[in-house]
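*Asks:* Feature annotation from TrEMBL assigns ATP binding site to Gly28, Lys29, Gly30, Gly31, Val32, Gly33, Lys34, Ser35. The [4Fe-4S] cluster binding site annotation in TrEMBL covers Cys201, Cys204.
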Amino acid sequence: MTDSQEPAIEEIKEKMKTVKHKILVLSGKGGVGKSTFSAHLAHGLAEDENTQIALLDIDICGPSIPKIMGLEGEQVHQSGSGWSPVYVEDNLGVMSVGFLLSSPDDAVIWRGPKKNGMIKQFLRDVDWGEVDYLIVDTPPGTSDEHLSVVQYLATARIDGAVLITTPQEVSLQDVRKEINFCRKVKLPIIGVVENMSGFICPKCKKESQIFPPTTGGAELMCQDLEVPLLGRVPLDPLIGKNCDKGQSFFTDAPDSPATLAYRSIIQRIQEFCDLRQSKEENLINS
């Protein structure tokens, strides 16, 4: 760690004292529904009006969170205490590089150091206030952005990472790399979510495997690598439709198998965070 980084890390540590839980959402491959999951994790947690949620999009080159959250065209405002998040609900704030672009079609053509500087600003300069859950939506892979956010938050304690995959081997192959990355940087793994896990026809109710799990899917991978499988979310055309509209899928399809799967996964993530917090408090008090 260089001298120039140390002050920023200390400032971020201080800023993050008001954030109770920090969750990274990772994927090895693009197009597996990582941002969709991040958005619905935020929506699901925010259904409790007494819980304050922050969603931070650090996918610098492909910021899709503003569109998914219905915030396209919004701008970031600066106050005396830093950048103000853009709010979907009173208890759900969002920050993304997408809010800093003049058009959603603008390309972000930045080298690593500039991306890192942006992530540092998001963590240090955004006035999140008192937050129960900070969800960080990351780009695919294991590159600069991932190393930066883990390094900057290292002293502020990250609860863990949720890894998103689809059932086919070409996706699982990259998630294995992501698991290896988490272990190398000592980032706890909350678990794996298998997205687009089968499609249930709304008319005949028959299930089809759009992405066949030729090597056993996420379940076998999780058994082999000894990581929890948080659940499987089936394909539902309404998910994509609602994301394009910037609306929560839960509102439109409260009884969908995908909604029920999401709710079960969100509950398991909450339980993981609560247990981790309880263990740490016991250590402090012992």
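Here the Cβ of each residue, glycine as well, is placed from N, Cα and C on the backbone.
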*Asks:* At a 10 A cut-off on CB-CB distances, which of the binding-site residues Lys29, Lys34 has the highest count?
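*Replies:* The residue with the most neighbouring Cβ atoms within 10 Å is Lys34.
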*Asks:* Quick check for the class: what is the C-alpha distance, in angstrom and rounded, between Val32 (ATP binding site) and Cys201 ([4Fe-4S] cluster binding site)?
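*Replies:* Just about 20 Å between their Cα atoms.
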*Asks:* Please report the number of other Cβ atoms within 10 Å of the Cβ of Cys204 ([4Fe-4S] cluster binding site).
*Replies:* 7
*Asks:* Please report the Cα separation of Cys204 ([4Fe-4S] cluster binding site) and Lys29 (ATP binding site) in Å, rounded to an integer.
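*Replies:* Counting only the Cα atoms, the answer is 32 Å.
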*Asks:* Roughly how many angstrom lie between the C-alpha atoms of Gly28 (ATP binding site) and Cys201 ([4Fe-4S] cluster binding site)?
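*Replies:* Per the Cα atoms, Gly28 (ATP binding site) and Cys201 ([4Fe-4S] cluster binding site) stand 28 Å apart.
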*Asks:* What is the number of other Cβ atoms found within 10 Å of the Cβ of Ser35 (ATP binding site)?
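*Replies:* Excluding its own Cβ, Ser35 (ATP binding site) sees 26 Cβ atoms within 10 Å.
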*Asks:* Fewest other C-beta atoms within 10 angstroms of its own C-beta: which of the binding-site residues Gly28, Gly30, Gly31, Gly33 fits that?
*Replies:* Gly31
*Asks:* Could you work out which of the binding-site residues (Val32, Cys201) has its C-beta surrounded by the smallest number of other C-beta atoms within 10 A?
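*Replies:* Sparsest of the binding-site residues Val32, Cys201 by Cβ contacts within 10 Å: Cys201.
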*Asks:* Neighbourhood of the ATP site (Gly28, Lys29, Gly30, Gly31, Val32, Gly33, Lys34, Ser35): other residues with Cβ within 8 Å of the Cβ centroid, in order?
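*Replies:* Going along the sequence, the neighbours come out as Ser27, Pro140, Ile164, Thr166, Ser171, Asn195.
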